[in-house]
Amino acid sequence: MPAGAIIDEPPKAAAPAREPRPRGRALGLAKRLLTLREGSVIVITVLVAAYFAATTDAFMTWENFKTLLPYFAPFAILAAGEVFLMINGEIDLSIGAVYLFAPFMFHEFYIAGVPLTLAFVLALGMCVLVGLANGVLTTVLRINSFITTLGMLLALTGLTLIVSDAQPVATPGTDVLEGATTFAKIFGGSTYSELIWALAIVVALQLVLSFTRWGIYTVAVGSNRVGAAEAGIRTRLVITRNFVLCSLCAGLVGVLEAVRTTSVQPDPSGANEVLFGGIAAAVIGGTLLAGGSGTVVGALLGALLLGVLNDGLIITGVNADYLNFYLGLAIILAMAANTYVGRARTSA
């Protein structure tokens, strides 16, 4: 071999790829879950449920699950309607008053001789008129939706107290002596009817939001109202339609709850609780107050978190004076987690 010749060395075998460690896979999965739109709500709900399950054996029982439903299902329906409006960059503060108003209208129509089912339809029709009024005042007269619906909240609450003489009434179709009617069993009288309604409405509205022109226009108007108008979208119609949807959901929940409890209570404090719960569930579920983003499934998860918190705090014997304090802290923490997740998704 000539002097100075370079001898080629055989290539070194590549090192075998390391198998990902189970811990690394778990961390990666957790990171992907947390960066999903609804991921933080899922994680927080699981952690809260695990805490209550470890604290008391009564939490993870079938009886407690049935107790949880009234804390969860109504807020899921309310939040589902509110999501559409909040995606538009609007808000409806009158849902609590509509919740109170609808069952009294149902009762008034029924005692006036209107058949049960038709009385229910007419009561929801009154809710449509409320939503239509909110939409027209907001879009045509250009009054801020916060002011519009705050005024409607006060006016409708006062009207309900006038109509009812501030006295509770029995819900039509729920006579204890005659037995529950088929109507009552469908609309809140049976154990799982509210849950079935909540799941059906959430699935239907999520499909509408994701795959229909109505949903696409809703997101477009919330993302860029001027651009949507220039593209030919009738922004006033879209927003007004979502006000009507929001009022319909609130009225339906009012009737469902009235049938479940067999009575209608003219209690403005209960209406306020419904208002705060519905909006909180939508916001916790990831719907932006500024508009342009949100999901109905997220609202369902937000309502579930509120329900688990409410039920868990009660079942563990937390003093009622501290209940709202803890719920408020939980809402703030959930919102902080959503903000972090939103930033992580944006930077990804």
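Cβ coordinates are placed from backbone N, Cα and C, and glycine is handled just like the others.
A TrEMBL annotation is a machine prediction, not a hand-curated record.
Marked as region 'Disordered' by TrEMBL: 1-21.
Sequence annotations record features per position, and here TrEMBL assigns transmembrane segment to 41-62 (among others).
Annotated transmembrane segment per TrEMBL: 68-86 (among others), in sequence order. Panel annotation: around the transmembrane segment (68-86), residues 92, 95, 99, 145, 191-192, 194-195, 197-198, 201-202, 205, 209, 218, 239, 242-243, 245-250, 252-253, 256-257, 260, 274, 277-279, 281-283, 285, 287-289, 291, 294-296, 298-300, 302-304, 306-308, 310-311 of the same chain, lying at least six beyond its termini, place a Cβ under 8 Å from a Cβ of the stretch.
Among the features that TrEMBL reports, transmembrane segment is placed at 118-137 (among others).
Among the features that TrEMBL reports, transmembrane segment is placed at 144-163 (among others).
Non-local neighbours of the transmembrane segment (195-216) in the same chain are 69, 72-74, 76-77, 80-81, 83-84, 87, 187-188, 238, 241, 249, 252, 256, 295-297, 299-300, 303; each lies 6+ residues outside the stretch with a CB under 8 Å from one of its CB atoms. Residues or ranges marked as transmembrane segment in TrEMBL: 195-216 (among others).
Taken from TrEMBL, the feature transmembrane segment applies to 237-256 (among others). Residues 74, 77-78, 80-82, 84-85, 88, 90, 92, 94-96, 98-103, 106, 120, 123-124, 126-128, 130-132, 134-136, 138-139, 187-188, 193-194, 197, 201, 214, 217-218, 221, 274, 278 of the same chain lie 6 or more positions beyond the ends of the transmembrane segment (237-256) yet place their CB under 8 Å from a CB of it.
What TrEMBL records for 276-309 (among others) is transmembrane segment. Sequence-remote contacts of a segment are chain residues at least 6 beyond its ends whose Cβ falls under 8 Å from one of its Cβ atoms, and for the transmembrane segment (276-309) they are 37-38, 41-42, 44-45, 48-49, 52, 68-69, 71-76, 78-83, 86-91, 93, 95-96, 198-199, 202, 205-206, 209, 219, 222-224, 250, 326-327, 330-331, 334-335, 338, 341-342.
What TrEMBL records for 321-341 (among others) is transmembrane segment.
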#### Entry: Residues of the parent chain within Cβ reach of the transmembrane segment (118-137), under 8 Å, 6 or more residues beyond its termini
92, 94, 98, 101-103, 105-106, 109-110, 143, 145, 148-149, 152, 156, 172, 183, 187, 236, 239-248, 250-252, 255
